[in-house]
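Participant: Have a look at this one before I ask anything.
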Number of protein chains: 2
Amino acid sequence: MPHNILYLICSLLRPFICCFSSCHKTQESLLSSSSGYKNYRGIFNWCVVMLVLSNARLFLENLLKYGVLVDPVQVVSLFLKNPYSWPAACLVIVSNVFILVALYTERQLSKGSFSELVGFLFHCINLTIMLTFPAAVVLMVPSLTPGKMCFMGVIILSLHMHSLQQRQIPVRFYYKLWFFPTGPSEQHLNGGDRKVCYPGNLTIRDMYYFVFAPTVCYELNFPRSAKVRMSFLLRRLFEMVREDEYWMIPIIQSSMKPLEVPNHLIWLIFFYWFFHSSMNFTAELLCFGDRQFYKDWWNSETVTYFWQNWNIPVHKWCLRHFYKPMLRRGFSKIVSQSAVFFLSAFFHEYLVSVPLRMFRLWAFMAMMAQLPLAWFVGRFLRGDYGNAAVWMSLIIGQPIAVLMYVHDYYVLHYRQEVE
Amino acid sequence: MPHNILYLICSLLRPFICCFSSCHKTQESLLSSSSGYKNYRGIFNWCVVMLVLSNARLFLENLLKYGVLVDPVQVVSLFLKNPYSWPAACLVIVSNVFILVALYTERQLSKGSFSELVGFLFHCINLTIMLTFPAAVVLMVPSLTPGKMCFMGVIILSLHMHSLQQRQIPVRFYYKLWFFPTGPSEQHLNGGDRKVCYPGNLTIRDMYYFVFAPTVCYELNFPRSAKVRMSFLLRRLFEMVREDEYWMIPIIQSSMKPLEVPNHLIWLIFFYWFFHSSMNFTAELLCFGDRQFYKDWWNSETVTYFWQNWNIPVHKWCLRHFYKPMLRRGFSKIVSQSAVFFLSAFFHEYLVSVPLRMFRLWAFMAMMAQLPLAWFVGRFLRGDYGNAAVWMSLIIGQPIAVLMYVHDYYVLHYRQEVE
């Protein structure tokens, strides 16, 4: 009996005695995919530190070898001497005409001076000229060699203008049908949060705000941030300038030998520079509230997820002005999706072929190849393997497409000289 | 009045009309630290893909240049011919003696044949010989050149034995004091989950299980996994062999020129190879349930966090058998922490100095320098900046310590030849 009582006491006390407290418990390692652990912010920081350190080493080596290479005077003179920075300047001036024509058309439509058909025709002509005029000039005048950036600007502006026109149609429709209160065009709602009503948005100020805002989807009232945070602005500016100095200039200078710099790394740095630093800088300057310029495409486990998340402004445009209207007109999902890829492929080809004056369809085919690739990855690979496949297609796919153009460009322009 | 009603209807309907639904909302970019977003599993996968691809390129280049370099016969012959693989084999045989002596001592103690003092002396002598005997042999016999791994094995074994001895003291105390039910030494609890009671754990089988288990903290009953998952085992084996073939052998072969391979990368791969692949492989084979061999040290924002999380088995040992006992004896936190670093510094120095036969205290000083570094980082840097500082100390600190030894080794052994 006393033995049993002792046993009971011991059993009850066991968990509270330090020598029986276990320091092990059943659990998985964090790096095992079954652990479900995902926080790798430190690995991202590691990549940044490695980049900065290798940069610093390169910078020091160059400094010791050649002295100061990248001085501000040289940067300015690069843009002044550069033969293809002037067509870009001309294009910037010309593009104002397109913006003003679009604004004029919308104003006339709002007053009822233009009929819907006339307005539509004005917009169509405006868009067509916007897209074909620079291409025509480049193809007709062989001495002009504008960069890829010019055409990217043209395409982005045309997306802006199309979104504006599409967006005004239902707004105008409801405005005229329901006799919206016009009154003062700027209402004060929710204590100081300025809201613009329909015809009040058709001002030069609102128009240029939309053009410079880091989005291509038009809205009457964008979400706004309260004020410009100077520290945030300066950090983004520092990142932009640093990446510019260290990466963009060497890339521009060595643009004739693109295989010497790893293409994939350039793309990653370009992504960070453009989608994080530059867009956040612009947004902060304009008090533009929506900073979702990309989602977590680095985790994408399917090709589709990657294309839906790496470039959110263009993805939103495609969704709102192309994919959803197609669905509404009764097309199936798969047809609409293929059509989006087709449009994207067309613009990618436009972006590469026109500046190079060389129509090879490699960019077009690379984009269209995403469709079977997406099917394959989505069908056969999952989780980390899917993610690895997406990375592989990025790491290997892009350089191959670039290599194709470099090869063809070389054959076209230098073969005779060699022979 | 009808105007007012219309206005009311319009206002109520607004949120439901598609043209007023906004596609923008105020939010931060994911890469901004203010977004609080942390999921970068994809970046980790990117690192793995980049490693595999660069490996594959190196492998292909070597294959094209030299043909098949790494064949199984060569791997085996490397270990057979290698002059310092034999002392290691001898040490493995000798170490069984230490294990059996510890077991014998504990058995005598459990039976009461040894008094506590005699048992303590036996353990102390056993530990002392374990740590000094290999070092003495290496320093006395100049022709023997055992690798660093030998001494790492010796240190790990001594941690095991110390933990065993420490753990048995309270267990034995309560066993004798409270007359624990001895009965059958293996109880069946919770339907088949075999639990071992005190004297029943002192078997050769349990002893060797503890020695091979991926932990250095002794417990009577470790958490066990239900069964060996073959796919998991094979995946870890594949990782181990792959990393071995691609990385370890080139490193061993080029061990005399350690500056040609980036030291930091080797450390990272070693970490993955040892703490993830090898330990998980062993644990799976032994049905050892606790797979927490490391925590998320890659996110560490202070130096202290890094040291507490990168090597969990040793950290647990330090905590249980060194830090907490010191706290219990009335030492302050800062003194105990410094003492742990001091012990760690001693073993790091032992690990490097004895095989090189060269006492320079660089490893000791590198470890002790962590204390002021930890203070500095903890005091002045936070968040991503703290994380970047930890990475910098890893990326720059390790190669400097290695460089010191290489320099001194070179001066000591090759200077006369050069002069």
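Backbone N, Cα and C atoms are what each Cβ position is placed from, and that goes for glycine too.
Quick paste from TrEMBL:
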SIGNAL    A:1-19  signal peptide
TRANSMEM  A:43-64  transmembrane segment
TRANSMEM  A:84-105  transmembrane segment
TRANSMEM  A:117-140  transmembrane segment
TRANSMEM  A:265-283  transmembrane segment
TRANSMEM  A:334-352  transmembrane segment
ACT_SITE  A:H348  active site
TRANSMEM  A:359-377  transmembrane segment
TRANSMEM  A:389-406  transmembrane segment
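Are these features on the surface or tucked inside, and what touches them?
Facilitator: Outside the transmembrane segment (A:117-140), and at least 6 residues removed from its termini, the chain residues within Cβ reach (under 8 Å) are 87, 91, 94-95, 98, 101-102, 105-106, 108-109, 146, 150-151, 154-155, 157-158, 161-162, 165, 350, 354-355, 357.
Listed in sequence order, A:A363, A:F364, A:A366, A:M367 are the same-chain residues at least 6 apart in sequence whose CB falls under 8 Å from the CB of A:H348 (active site).
Tertiary proximity for the transmembrane segment (A:389-406) is limited to same-chain residues at least six positions away from its ends with a CB under 8 Å from its CB atoms, namely 258-259, 263-264, 267, 300-303, 305-306, 352, 356, 358, 360, 362-363, 366, 373, 377, 381.
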Participant: By a Cβ-Cβ criterion of under 8 Å, what residues six or more beyond either terminus of the transmembrane segment (A:359-377) are in contact with it?
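Facilitator: Answer is 302-304, 307, 338, 341-342, 344-346, 348-349, 351-353, 386, 389-390, 393, 397, 400-401, 404-405, 408.
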